[in-house]
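Taken verbatim from TrEMBL:
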BINDING   M40, G187  substrate binding site
BINDING   R115, T160  ATP binding site
Amino acid sequence: MTTLLTNIREQQPLVLNVANLVTMQRVADAINVLGASPLMTDEVAEAEELVAIADAVVLNTGTLSEARWPLFVAVGQAANRQHKPVVLDPVAVGMPYRAQFVTRLLEMITVDVIRGNAAEIGWFAGVTVAGQGIDAHETDAHVANAVNAAQQTGATIVQTGVIDVITDGQSTRQVTTNSLLLAVNVGAGDMLSGMVGAFVAVTDDYLLAGETAAQVLGQAGEQATAQGPNQPGTFVATLFDALYQMAQAEVIA
Ligand SMILES: Nc1ncnc2c1ncn2[C@@H]1O[C@H](COP(=O)(O)OP(=O)(O)OP(=O)(O)O)[C@@H](O)[C@H]1O
Ligand SMILES: Cc1ncsc1CCO
Ligand SMILES: [Mg+2]
């Protein structure tokens with residue numbers, strides 16, 4: 001974990017985001033406190049030149065539209081051409097318009113990592129999963145969905161829930177952290193997807209990148225929850241403090 005955090009701190013990779021319009025600031029902050037540089041774009045004309053200076057690209061379809069379709073394609077294709085890793089966050093992909101949007105997108109670009117919750121990853125596996133994630137006793141099905149989704153898409157999957165499952169379809173890892181406030185906060189998943197972007201920017205090992213991002217967010221979430229278990233508003237600020245302190249740990253020590 002510390003090695004990749006050190007890499008981020010030293011290399012300060014640029015993470016280019018086609019973000020959703022709800023949690024954009026939080027995603028930028030999460031990338032920033034890790035020591036990477038966030039950049040958000042909403043313009044097709046600059047896709048090629050921004051991808052050229054980026055170290056990774058994150059496509060979040062949370063506020064997709066037909067008007068924004070060319071943007072997703074342009075940034076995704078530029079990243080593929082320029083061999084920059086692509087992370088996809090397929091927000092609510094089970095809804096019909098979103099499903100066909102993501103299906104079309106995956107016909108036009110290659111994504112390296114897909115980060116989603118259990119319902120979203122289940123969609124890639126062809127399985128309907130109840131919207132609010134999983135209970136611990138459903139772990140086996142949860143893991144099987146992620147493995148199946150990786151095999152169907154060819155992407156490394158980072159599936160979040162009570163247990164985070166990271167798999168490339170062959171090797172599978174689990175991260176278990178226990179901070180309910182992460183699940184309560186709108187955008188924790190989007191933040192994680194942005195953070196995965198920072199990690200894939202500094203290693204070709206996408207399994208390790210996904211696992212490390214999930215560990216870092218989960219541990220920061222636990223630290224922040226311990227300071228105010230019933231304070232979801234305060235939690236967001238404390239979470240950024242904890243992330244920053246983890247990223248800077250070796251400097252401070
Ligand atoms: N029930 C839970 N208990 C503990 N942690 C959880 C739970 N559900 C999710 N998390 C954690 O919350 C973070 C975000 O995952 P989540 O599955 O909520 O993403 P999401 O649904 O895409 O969120 P959003 O759309 O609000 O960004 C992850 O770090 C995950 O481990
Ligand atoms: C609430 C919401 N609606 C579209 S994107 C988003 C943020 C969670 O991904
Ligand atoms: Mg989400």
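Placement of Cβ uses the backbone N, Cα and C atoms for every residue, glycine included.
In the vicinity of ligand 3, defined as a Cβ distance under 6 Å, none of the binding-site residues M40, R115, T160, G187 are placed.
Within 10 Å of the C-beta of G187 (substrate binding site) there are 19 other C-beta atoms, taking all protein chains into account. You'll find the Cα of R115 (ATP binding site) roughly 13 Å from the Cα of G187 (substrate binding site).
The two recorded residues, T160 (ATP binding site) and G187 (substrate binding site), show a Cα separation of 13 Å. With a cut-off of 6 Å between Cβ and the nearest atom of ligand 1, the binding-site residues M40, R115, T160 reduce to T160.
Counting only same-chain residues six or more apart in sequence, the Cβ atoms lying under 8 angstroms from the Cβ of M40 (substrate binding site) belong to L16, N17, V18, A19, M24, A28.
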